[in-house]
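The annotation repeat 'Solcar' is assigned in TrEMBL to 5-109. The transmembrane segment annotation in TrEMBL covers 6-28, 89-109, 137-162, 222-244.
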Amino acid sequence: MAISPYAFWSGVLAVLKAFVFLVGFVVISTPIEGIFARWRATYSPKVVQLEGAEEDANTKKVNNVFQMLGRVYKVEGVVGLYKGIMPNIIAFAAINIWTLVAHLAGLSIDDFIRLRWHFDSKVAFYLFEVFSRSVRVAVFVVPALIFTILYYRVVTTPLVLPVHKPVLALRLLFTPEELRAPWKLYTPALIATHAFPIAWTIEVLQRMQKILPPFDNSHTEYVWWRVVLAIVTITVALVVFPVLEVVKAKLSVQKIGATHTALPTEERETQPVVAEYPEEVVG
């Protein structure tokens, strides 16, 4: 079957439009995302200053995200604004590959959840309901946690990471203990900061559209309590999510085993040495 020239060039034009949109989105969103990531990782609402002690110069300069933007540009230049582009590309590729594999294999978490209808016992039904939905949250949390840690460490590191040497970059971003035992990165606190927003979004917020009926005369007696419930649910998300994002950022940049000063001799000798920026963005 021959493809008409019009259909061919229409497809090419659609691909070009999608590519231009993706490039534009990355160019605009990467610096903004990186600035907020640095702001969350270094956020300190109140600094207790000892009497007579000098204030840190960096702390006085970085009081909001706009000053953080200027500080990053001054210290690291344009390159510093786009330090998070590689983790984003890696995460984007991994998500699309996993989605394609799951689609070709016919894997669906919703089909797994529907298996609960095969249980005759109500106890077994609700236990499997909780288990299956926990699995759905875990499917998001397990890969997201690693990519989040990688992203925050890439963005906040004062080191000039070698893009053409990914293995060396990983050795700079992760401690030997973390590389030997990556499962130690899954700390309970970090898992909780990832799991709660995801669970709240896919299990609670998405159900709001089913709870809220249309505003017409036939639903007058039910509308208001459902609206209040939706407002409370959204308010919880708006209040709790930003706090968890700050906690997640601070936990992500804390390296396991980094405080151990007595490293073996061979391990100290194999530690990579690369260039650093003249000063850190924040102290």
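Keep in mind that glycine also has a Cβ here, set from the backbone N, Cα and C atoms.
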Checklist entry - Which residues of the same chain, at least 6 past either end of the transmembrane segment (6-28), have a Cβ under 8 Å from a Cβ in it? => result 85, 88
Checklist entry - Between 0 and 100, where does the mean pLDDT of the repeat 'Solcar' (5-109) sit? => result 78
